[in-house]
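Record features (Swiss-Prot):
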- 298-327: coiled coil (COILED)
- 568-676: coiled coil (COILED)
- 302-327: compositional bias 'Acidic residues' (COMPBIAS)
- 415-427: compositional bias 'Low complexity' (COMPBIAS)
- 515-524: compositional bias 'Acidic residues' (COMPBIAS)
- 539-557: compositional bias 'Acidic residues' (COMPBIAS)
- 565-577: compositional bias 'Acidic residues' (COMPBIAS)
- 579-608: compositional bias 'Basic and acidic residues' (COMPBIAS)
- 620-631: compositional bias 'Basic and acidic residues' (COMPBIAS)
- 643-659: compositional bias 'Basic and acidic residues' (COMPBIAS)
- 666-676: compositional bias 'Basic and acidic residues' (COMPBIAS)
- 351-466: domain 'BRCT' (DOMAIN)
- 298-338: region 'Disordered' (REGION)
- 413-439: region 'Disordered' (REGION)
- 478-502: region 'Disordered' (REGION)
- 515-676: region 'Disordered' (REGION)
Amino acid sequence: MAGRSKKKGTSGAAKNYITRTRAVKKLQISLPDFRRLCIFKGIYPREPRNKKKVSKGSTAQTTFYYTKDIQYLLHEPLLAKFREHKSVAKKIGRALGRGEAGDAARLEKNLMPKVKLDHIIKERYPTFVDALRDLDDALSMLFLFANLPSSDHIPAKTIALCQRLTREFEHYVITSHALRKSFLSIKGIYYQATIQGQDILWLVPYRFVQRTGGDIDFRIMGTFVEFYTTLLGFVNYRLYTSVGLVYPPKFNAKSDEQGGELAAFQLEGKANATNGASNDHDDDVEINPEAQAKADKIAAMADDEDEQEVEMAEADAEDDDEEENTEGIDKFEPTAPDADILPQPQASSAEIASLFAPFTFYLAREVPRASLEFILKAFGCKRVGWDSILGDGAFTTNESDPNITHQIVDRPPLANGASAAGAEDAATPQVQWPHSTKPGRTYVQPQWVWDCINQGKLLRPDLYAPGAELPPHLSPWVKPKKGEYDPNLPLAAQQPDGEAEAFEDLADEDEDAFEVDDDEDMDAVADREGSVEVGEGMDVADSDDDDEDDSESDAEGGADGFAGFDDESEAESDISEGEAARLQHQRELEAEATGKKLDVKAPTKKEQNAAIRKKFDKKKRAEEEERDRQKMMLSNKKRKLLKRIEYGENKRDTESENLRRKRTRLEKAKAAAERA
């Protein structure tokens, strides 16, 4: 018995997906409202595996959604708000058409519905951890809008809201010492904080003048900002209440107008808020003598207990001195050079959180004040000062304050003679910036702060002195793998066997070529002075022939004149080595017969490097041959997989080799400049 035939497009993939046009008709809303609703609800387009089946044979470009998602939107309360908004907009349009501007303003003020997203936040994030996991994009978007200028597309009210929410979040990070890492990149400054076990990473743009292009759809971005501001408001409230702070914190509008930023917010504990009236008159309160006597008695009992605890602690310390101290953090070291790198246990986060606690910083006018203030305070520093021109809220605005221990500057050192142009004696050493350094004060560049927090310790400040060549600023989230180039390690520890000698010979060849070019240029200058008809250092007539010769030589021998390893070249090398050994033995016999001493020439550096390279090239060829023999035992599928793996490894090795070669050139140039 044949089964019942099904109508095409009523089951399977065609039923699981729905086009955007059909979805808009089904919800009976406009396309902008549909986009806005999908952003609020977290519904995004889907890509079916077989578009032809879903679109019933059509190949036109179409946007698809899950049918269940659109069915889920049918019960959304915001649909009624959108329809009500549309109805009020029609009434306002008719009032404006009649010229009744007052009635239109009254209708907009009284009848325009207010869209609230509280229920959507609760639906999308059932737990607080879910909200923290989705906070990365929210913070990046809000920090971006907080630094944008107001325009027709971005109202100043939205920018002020983003600034308030982001600074409230920064205050929580400072109070809880949740900041872990930061990185200066081309896009902006990356921050990573750990809140309730969740790593949150966001991007803050640099404070340059932002120019918004005309190809940006601010309606879509504004919808995201509307949702993210609601989300961050919920998160800030939960975070503040979890540490016993009142939300929202007090806001000083006057300080904010003067550029106070973080200083414009005053945090307040719940106990202080409830007892604020009584705290204002603490001096007028009379002390109860009976209560004071009981408090003194309890304090005396606590002192006796403390003395006993101190004696017991001293006895325990004497016993511990006799034994080996095993309370330190264990370090897991690999047993073999090719073993896996084990994650090491870290020190207490409390020590890192108070990294800058004992110091007083002063920020120069040219450094990024907002980011440095946030980082320094997040890592325990309570005293950060800057020039009064940078804004309100500084610990001190006096650069000569004796309490300052560190000054962060980012000015290039003045060249000799620039600071004293009217000096009579040119041989006298000139004063460089800073003209008057304060004794006992450390001058560093801003990168010192970022590198210290990323490594979790205070680094040497002399490496970051003003005008010094800074160490490489590396991303704290990217760890170099085996075989990759690591700027922190010395070059000799990363180069494979024989590579240093090869680089040295190539550098010598480059220097020789450079000297030849210099000689040709000098000849051209001399010829130019004597005659105009000379080719000015260029071989004009023979250029075509040279190009042909070069192309032929490149085609025959490759870019470096290397034609590969074959049996004939190996045989020639063996014959030459045997002939050289025979001639050397013959000279030794002749010297022994005549009674003369054989003059042994010491090999040159180039010959030594060539011998070392030859040795390791031979070893490398043997390894490649063994690898090829092992490949022959693999199946075709595994051989293709191995080929893809080798392609990635070769690409990584080539990039690492280029970086090592570049570093070798830079180090040689630096050494030559120092010698000069």
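Sequential numbering from 1, following the chain as shown.
Quick reminder: no glycine exception, Cβ is built from N, Cα and C everywhere.
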Secondary structure composition of the compositional bias 'Basic and acidic residues' (643-659) [DSSP: H/G/I, E/B, coil]: 17 helix, 0 strand, 0 coil
Average model confidence [pLDDT] within the coiled coil (568-676): 76
Tally of DSSP helical, extended and coil residues in the compositional bias 'Basic and acidic residues' (620-631): 12 helix, 0 strand, 0 coil
Structural state census, the compositional bias 'Basic and acidic residues' (666-676) (DSSP three-state): 10 helix, 0 strand, 1 coil
